[in-house]
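Undergrad: Here's the feature list from Swiss-Prot:
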- E92: active site, proton acceptor (ACT_SITE)
- C341: active site, S-methylcysteine intermediate (ACT_SITE)
- C112, C116, C119: [4Fe-4S] cluster binding site (BINDING)
- G164, E165, S196, S219, L220, H221, N297: S-adenosyl-L-methionine binding site (BINDING)
- C105-C341: disulfide bond (DISULFID)
- 98-336: domain 'Radical SAM core' (DOMAIN)
Amino acid sequence: MSKESIYGLTMAQLTDWLMERGHKKFRATQVWDWLYRKRVTTFAEMTNVNKDCLQLLEDHFAIETMSEHVRQESKDGTIKFLFRLQDGNLIETVLMRHKYGFSVCVTTQVGCNIGCSFCASGLLTKNRDLSSGEIVEQIMKVQFHLDQVGKEERVSHVVVMGIGEPFDNFQNTVDFLEIIKDHKGLAIGARHITVSTSGLAHKIYEFADLKLQVNLAVSLHAPNNELRSRIMKINKAFPIEKLMDSINYYIEKTNRRVTYEYILIKDVNDHKEEALQLAELIGDKRHLSYVNLIPYNPVDEHSQYQRSEPEAISQFFDTLKKKGINCGVRLEHGTDIDAACGQLRSKQEKKKVKVN
């Protein structure tokens, strides 16, 4: 039977777990330090923790529950990791290098059921949720890589934008955020963390009430219901009116800016008309809104969709700017590897099917 990842415990949970079994509170602090500051990969390396405590941890938990299966490195320094989980499933994690530090994009589910018509992640439907420990371990695996190559750098930013819908795995995602923010551990600043949702409106309300101080991004991709329902089936459950109500609640509750992700697809959602509709949709919340324009990464299985022409991207950007909307065109990473989210995993799963 597979052991639970120790990375899945918050500091409070680890403390309670050890104290319930007769150990002093300071033991949890020691273990936490070994895990996240000294970054050991075995319990035996925790030299100042007594043998009884180490044996208890060894009997119940694992530090490593996934292994590197494939790694792709881009000329721009982006690295895409494909990790194999204990049950044989594969997940993607991406390391991106920026002027301001190292950012990691994590996955929250094995597959995705949101079913956006342009996305590689949904080519393989959801198998299961990841545990909070499996999400944290993605960060640790990337940090181990940075340690090994001697960069003397740390993961400074996290985006929860990999395969899956984070708000469909809500509690594990929230626990993950608490663990990586802990100031005695990885100490990743809340304002350096962004969680992206396809628009589960009821969970946006819940997320707002938690006041976590992390950034929220919403995958919008269309400014009206007719178009959004056509390319994102989630819109049928949470149409734009409901989605915007939840976003407005989030803004009022947190006074934090919301980022709207908008993938530009040629002749689908990249016209001036859509840019004007988007500006109108954001309306008087423009001071706490930012539109992230993303040139589409073509996917073989969705050949009906193509990247917008540079002229269309410029026109869309200029139209938003003239309407007073804060926006930018996302700097691309890993264009010479399987850049689209879910692309590498999908290719590897197809290879497994052919072999079998």
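Placement of Cβ uses the backbone N, Cα and C atoms for every residue, glycine included.
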Undergrad: Taking every protein chain shown into account, which of the binding-site residues S219, N297 has the largest tally of Cβ atoms within 10 Å of its Cβ?
TA: S219
Undergrad: Kindly state the mean pLDDT of the domain 'Radical SAM core' (98-336) in the predicted structure.
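TA: Across the domain 'Radical SAM core' (98-336), the average pLDDT comes out at 95.
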Undergrad: Could you tell me the C-alpha distance between C105 (disulfide bond) and G164 (S-adenosyl-L-methionine binding site) in angstrom, no decimals?
TA: 12
Undergrad: Where the distance is taken from Cα to Cα, which of the binding-site residues C112, C116, C119 turns out closest to E165 (S-adenosyl-L-methionine binding site)?
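TA: Comparing Cα positions, the closest of these binding-site residues turns out to be C112.
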Undergrad: By a simple count of other Cβ atoms within 10 Å, which of C105, C112, C116, C119, L220, the recorded positions in the record, is least packed?
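TA: It is C116 that, of the recorded positions C105, C112, C116, C119, L220, has the fewest other Cβ atoms within 10 Å.
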Undergrad: Want to know which binding-site residues, from S219, L220, N297, are within 10 Å of C119 ([4Fe-4S] cluster binding site) at Cα; which are they?
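TA: Within 10 Å of C119 ([4Fe-4S] cluster binding site): N297.
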Undergrad: Measure from the CA atom of C116 ([4Fe-4S] cluster binding site) to the CA atom of H221 (S-adenosyl-L-methionine binding site) and give the result in Å, rounded to a whole number.
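TA: The Cα atom of H221 (S-adenosyl-L-methionine binding site) is 10 Å away from the Cα atom of C116 ([4Fe-4S] cluster binding site).
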Undergrad: With every protein chain in view, how many other Cβ atoms are within 10 Å of the Cβ of S196 (S-adenosyl-L-methionine binding site)?
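TA: Summing over all protein chains shown, S196 (S-adenosyl-L-methionine binding site) has 21 other Cβ atoms within 10 Å.
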Undergrad: What span in Å does the S-adenosyl-L-methionine site cover, taken as the longest CA to CA distance among G164, E165, S196, S219, L220, H221, N297?
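TA: 19 Å is the greatest Cα spacing among the residues binding S-adenosyl-L-methionine.
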Undergrad: Cα-Cα, whole number of Å: C112 ([4Fe-4S] cluster binding site) versus G164 (S-adenosyl-L-methionine binding site)?
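TA: About 5 Å separate the Cα atoms of these two residues.
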